[in-house]
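A.B. asks: Quick paste of what TrEMBL says about this protein:
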type: ACT_SITE; residues: HIS100; note: active site, tele-phosphohistidine intermediate
type: ACT_SITE; residues: GLU203; note: active site, proton donor/acceptor
type: BINDING; residues: 99-106, 112-113, ARG149, 203-206, LYS214, 230-231, 274-275; note: substrate binding site
type: SITE; residues: HIS273; note: site 'Transition state stabilizer'
Amino acid sequence: MAATAFNGSIGALQSRGYVGNSALYQECGNSSLRLTSKGFQFDLGLSGKERHFSRKRGFCLIQASSSQTTVSNQVSTPLNNTKVDSPKKSSEAALILIRHGESLWNEKNLFTGCVDVPLTKKGVEEAVEAGKRISNIPVDMIYTSALIRAQMTAMLAMTQHRRKKVPIVLHNESEQAKSWSRVFSEETERQCIPVVTAWQLNERMYGELQGLNKQETADKYGKEQVHEWRRSYDIPPPNGESLEMCAERAVAYFKQQIEPQLQAGKNVMIAAHGNSLRSIIMYLDKLTSQEVISLELATGIPMLYIVKEEKYIRRGSPAAPSEASVYAYTKNLARYRQKLDEMIH
Ligand SMILES: O=C(O)[C@@H](CO)OP(=O)(O)O
């Protein structure tokens, strides 16, 4: 793990969220302190009180925490020898994926596919909870499927966002719809998050299984056959889409419409479905058709990726809004967190 120079105090690191509940401080030389926290390492120049603190304790472990961290050692440091405060253009971006909360047909254990079923009360609560987990992560654009359960999830999640920008569904289906939904204030537009709805992100079309009970179908056709229909890569359910067919539209849409936004540094949230997201994750994580069989997504759990130099770095699910380590992933996120804190306090 490479250490990096940081021009600031320990307090500054703490307030930016790089140092959380547990950190290993180690003196290295007269005036510097090496700090290891959340899989990151920083060399701190010390002055006065801080030098005294480190001398006194030498090598110490600060109070351990119960909060889990999703940082992995893949990323050595977010700072790259740059001051956190100095703004620098970067094409790093955050990508949040959320499978919709529980729907009324999830609850009844029915194959849903492209049938447009709303959320249950539990699904609403899951979406709100998901929103809390990502409430500190910047969102510039939202993509949802054309189905109400994904749209409800996105909107409910955004009610929890600290930045309080207003998600606005774009209506580009006709020239009239476009012109009738125009906003005439640039300032108001800046306070909005465009929401693009796309059928290509819809759940995989389940064909003649739509509306059938999953357990009864397994009893009738056998557990293995039903598992093949539900999870295999290239075997479609009767008259429906296989995951491969679903990927042909969902991943193509992701590459054509969403990837360019990420490459331009926009932070994107996608609210979609078990199988359309499985196909996108297969692309992001370069999973094989064998590996994707065991990929299962829970309802209402946000997953974070950092997009850096055209690579997707999976960061798992932020455990809580106070999950400080999320902001150590990129300089932009660190700056955003700092600004947000300044705005709110
Ligand atoms: O019924 C569906 O549309 C999907 C998602 O709920 O089910 P499965 O998990 O079987 O792919």
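Cβ from N, Cα, C; glycine included.
Curation does not apply to TrEMBL; its annotations are automatic.
I'd like these features described in context: how deep, what's nearby, how far apart.
C.D. replies: In three-state terms derived from DSSP, HIS100 (active site, tele-phosphohistidine intermediate) belongs to neither a helical nor a strand segment and is classed as coil. Counting only same-chain residues six or more apart in sequence, the Cβ atoms lying under 8 angstroms from the Cβ of HIS100 (active site, tele-phosphohistidine intermediate) belong to LEU119, GLY123, ALA127, LEU147, ARG149, ALA150, MET152, THR153, ALA271, ALA272, HIS273, THR299, GLY300.
If you take the C-beta of GLU203 (active site, proton donor/acceptor) and look for same-chain residues 6 or more apart in sequence within under 8 angstroms, you find THR112, GLY113, CYS114, SER145, LEU147, ALA272, HIS273, GLY274, ASN275, SER276.
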A.B. asks: Counting across all protein chains shown, how many other Cβ atoms sit within 10 Å of the Cβ of HIS273 (site 'Transition state stabilizer')?
C.D. replies: 28
A.B. asks: Looking at the binding-site residues ARG99, ARG204, LYS214, which one has the fewest other Cβ atoms within 10 Å of its own Cβ?
C.D. replies: LYS214
A.B. asks: List the recorded positions ARG99, HIS100, GLU102, TRP105, ARG204 whose Cβ sits under 6 Å from any atom of ligand 1, in sequence order.
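C.D. replies: Not one meets the Cβ criterion.
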A.B. asks: Considering the binding-site residues GLY113, GLY274, which residue's Cβ sits among the greatest number of other Cβ atoms within 10 Å?
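C.D. replies: Result of the Cβ crowding comparison: GLY113.
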